[in-house]
């Protein structure tokens, strides 16, 4: 079985409870940054916020409910960014530029049910409307291996989305919906979403998660560069 990004990610997350942060010092060099301020985010002037929904901590790292973290972690890796806590906020942030567009990636330091608390205050401070917020999350009503883009709509019982709507005061934010399918007969939804994926699902050669990860990352970059209509036409017509 080939080792995939997902498997590497799992091995890292099982050892720590928060996104990787830089050391405070480097040998023979100046101290590295250990945090960001809201003022620095305002200077960066992001045109988009992208948040992945999940629960913090190694206990939940490889569960279905945390699938929304994976595309933003891949983006951090791709753009050689780093996670830093935001002073006075319930979030870790990473700053990337997609082509020429500044983008703020976020991870909530709260649990899933309070995910919106990471976004609402920052969106307000940055004067970004909800339409410029992309939420990556797990979706029971979409088959495992499929990714769908949605401009707005209800929360479908998803507590993370409920928190987003409550904090933003609107349902008009963009969703990258990552299908995990429905639980098998006899398994409750809670047990299903809080249980880990099977090794076969994340196998680099035969599993479906690599396709899901690629499509969700592409969804984000396509939305940022071209808008939701073009992104949807591309992602929704892909065959795996």
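Cβ atoms here come from the backbone N, Cα and C positions, even for glycine.
A quick note: this is a predicted structure, and the numbers were derived from the prediction, not measured.
As annotated by Swiss-Prot, site 'Discriminates between blocked and unblocked aminoacyl-tRNA' applies to 55. Non-local contacts of residue 55 (site 'Discriminates between blocked and unblocked aminoacyl-tRNA') by the CB criterion (under 8 A, 6+ apart in sequence, same chain) comprise 63, 65, 66, 111, 112. Following the DSSP three-state reduction, the secondary structure of residue 55 (site 'Discriminates between blocked and unblocked aminoacyl-tRNA') is coil.
Applying an 8 A CB threshold to same-chain residues 6+ apart, the list for residue 159 (tRNA binding site) reads 112, 113. Swiss-Prot lists 60, 111, 113, 159 with the feature tRNA binding site.
Summarising the annotation, Swiss-Prot assigns active site, proton acceptor to 65 and lists sequence analysis as the type of evidence. In the shown protein chains, 22 other C-beta atoms lie within 10 A of the C-beta of residue 65 (active site, proton acceptor).
Positions annotated as site 'Stabilizes the basic form of H active site to accept a proton' by Swiss-Prot: 138. Look at residue 138 (site 'Stabilizes the basic form of H active site to accept a proton'): DSSP puts it in a strand. Around residue 138 (site 'Stabilizes the basic form of H active site to accept a proton'), the same-chain residues at least 6 positions away in sequence with a Cβ under 8 Å from its Cβ are 53, 64, 65, 66, 67, 68, 158, 178, 180, 193.
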TRNA site, defined by 60, 111, 113, 159: further same-chain residues with Cβ within 8 Å of the Cβ centre: 55, 65, 110, 112, 114, 115, 160
Span of 60, 111, 113, 159 around tRNA - largest C-alpha separation, Å: 16
Same-chain residues at least 6 apart in sequence whose Cβ lies under 8 Å from residue 60 (tRNA binding site): 54, 66, 194
